[in-house]
C-alpha cells in the first residue's frame, strides 16, 4: 500500500485534482481510500456526489467520543468503490483543525480502515504548514508528497514552503517529494517555469494539467471529469497523471530555495519586474512627477 498526500495553496484546485486523479486510479483497478484533511470537508464531494461528507469530528461530537464511532459511519464508499473519509475540524475560531487530522488518522488505523488498499491519499490544506496539518508528513503516514501549483507567484511560494516542510521530516520520517503537478492558470511560459522550479527543488513536474472549462461543468454536477465526460481530453489528462503517479520511481529529498532565488526566477520568466529601489515607498503622485 502506498500512502500519498496532495498539498498546495488554497484555491489552487488541489481537491479537484486529487479526486479526478484518484477516480482515474480506481478506473485502472487500484483500490483507493481518500482521507480529507481540510476543515472545509470538500475532499470527497465529487466522488460521493454530495455537498460535504459528514466528518469524523462531527460524528464524534454527536456520539460523545471517537471511541463510540463505527467504521461504516465515517467511511463511505463512492464511485468505483473509492473509500471516502473526511477528518473535519472545529467551528471557525475555536480549537485546532489539525487535531482533527490527527484524531481521524489514528482512529482509521485502529479501526482497520487501511486493509486491502493500493493507495491512501491525504488531501491536505497546504498553505498552513502547522503541526496538525503536517501530521501526515511528520509521522510518516504519507511517504510521497505531490504539490499542486501553478505559474502564479503565491502558488509557487506555497510550493516552496511545503518543500521546506517535507525536507524537515525527510530524514526522520522517510517522506519524499514525488513531484509538482502544474494545474494551469494559463500564465506566460507556465510549463517552462514549473519545470525550472521543480529542477531547483530537486524534483520533477510530474504532469501539466491544461485549463479546461469541463472541470467546472463537472464540479457543478458534483462529479469528476472521469465520470461526467469520460471521452473528454481533460479526462485523459487525469488518467495520464494517475498512471505517472502509479509508476513514479522519482521520490526525492527536496532542496527548497530562498525567497530571493524565487523572486529571481519569477523575474527571469517575466512574472515579476525587476525592482527599482528608488521608487520603493513613493506615492502615486510622486512617481508620476
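In case you wondered, yes, glycine gets a Cβ from its N, Cα and C as well.
Positions annotated as ATP binding site by Swiss-Prot, on the basis of sequence analysis: 8, 9, 10, 11, 12, 13, 14, 15. Swiss-Prot lists 96, 130 with the feature [4Fe-4S] cluster binding site. Under the heading ADP-ribosylarginine, Swiss-Prot lists 99.
Structure with Swiss-Prot features highlighted.
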residue: 8; record: ATP binding site; Cβ neighbours (10 Å): 28
residue: 9; record: ATP binding site; Cβ neighbours (10 Å): 23
residue: 10; record: ATP binding site; Cβ neighbours (10 Å): 14
residue: 11; record: ATP binding site; Cβ neighbours (10 Å): 10
residue: 12; record: ATP binding site; Cβ neighbours (10 Å): 25
residue: 13; record: ATP binding site; Cβ neighbours (10 Å): 22
residue: 14; record: ATP binding site; Cβ neighbours (10 Å): 25
residue: 15; record: ATP binding site; Cβ neighbours (10 Å): 24
residue: 99; record: ADP-ribosylarginine; Cβ neighbours (10 Å): 16
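The two recorded residues residue 11 (ATP binding site) and residue 99 (ADP-ribosylarginine) have their Cα atoms spaced 22 Å from each other. Residue 10 (ATP binding site) sits 19 Å from the residue listed as 'ADP-ribosylarginine', taking the Cα positions as reference. Spacing of residue 15 (ATP binding site) relative to residue 99 (ADP-ribosylarginine) is 20 Å (Cα to Cα, whole number). Across the structure, residue 14 (ATP binding site) and the residue listed as 'ADP-ribosylarginine' place their CA atoms 21 angstrom apart. Annotation note: residue 13 (ATP binding site) sits in a coil segment as assigned by DSSP.
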